[in-house]
Amino acid sequence: MDAQTAAQHLSKVRDQNPLVHSITNNVVTNFTANGLLALGASPVMAYAIEEAADMAKIAGALVLNIGTLSSASVEAMIAAGKSANENGVPVIFDPVGAGATPFRTASASKIIQEVRLSAIRGNAAEIANIAGAPDWKIKGVDAGEAGGDVVQLAKTAASGLKTVIAITGKTDVISDGADTYAVHNGDKLLTKVTGAGCLLTSVIGAFCAAGQDVLQAAVSAVSVYGSAAQLAALDTSHKGPGSFQIELLNKLASISEQEAAELAAIERVIEK
């Protein structure tokens, strides 16, 4: 897995124009759809339980996001997830806020138990909660000090949940339990845009739809998305998050394979 592989995955997404079915939250639906369109994928958001399963079976990937959940939406997600499983469609899960409330935690757990997930993306606290380590804390204040802990969390969660885990933060860590990568792309302005992480989860879905290897697809998606953010920040750092949000969409559309390869900062984590 290297920079060129990430760039090639971007080309595959644009060539294949995969249909990404995102059952996401109502705060980020529009931004997510526009981000997928900019990247070169085709978004669809079918939330009704009456059609969620039917849409999932014809999609290239299914993305489940519990940001603004309800009992009905959880049931629709599970129905869609089971349909995706039956039809060989990769399922990517974003356990937004897992651990914040009993209902949110139980909903995340139910989805994990009933749907076979290809990948899960979240921040360290969310991943720790769904992995059964809710008291886990990052030791240290920067990526260098905390890196080992995040790597171990990603590996443990991936092995325990039998899926690819992507923990995003200052340094992103992606693992399937056996192989682990750190991605050093992105920009701090991403933290000022609501839905930036949710869009990334759907971008991972697009890359998984276009590639066979889920770990490589997830690493590639995180790197390309972060690289687009870096390019957007260069053009808007003097303006602020509003301009950055729009420019991020522009850069997702315009980033070239060469730029993606040149900017990719992917490191394979080797155990010492």
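Glycine too: its Cβ is placed from the backbone N, Cα and C atoms.
Sequence-distant neighbours of MET45 (substrate binding site) (same chain, 6+ residues apart, CB-CB distance under 8 A): HIS21, SER22, ILE23, THR24, THR29, THR32, ALA33. The substrate binding site annotation in Swiss-Prot covers MET45, GLY195.
For the recorded site, THR168 (ATP binding site), the DSSP three-state label reads coil. The Cβ of THR168 (ATP binding site) has ARG121, GLY122, ASN123, GLY197, LEU200, VAL222 as same-chain neighbours under 8 Å, each 6 or more residues away in sequence. What Swiss-Prot lists as ATP binding site is ARG121, THR168.
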Within the chain of GLY195 (substrate binding site), which residues six or more apart in sequence place their C-beta under 8 angstroms from its C-beta?
VAL27, VAL28, PHE31, THR32
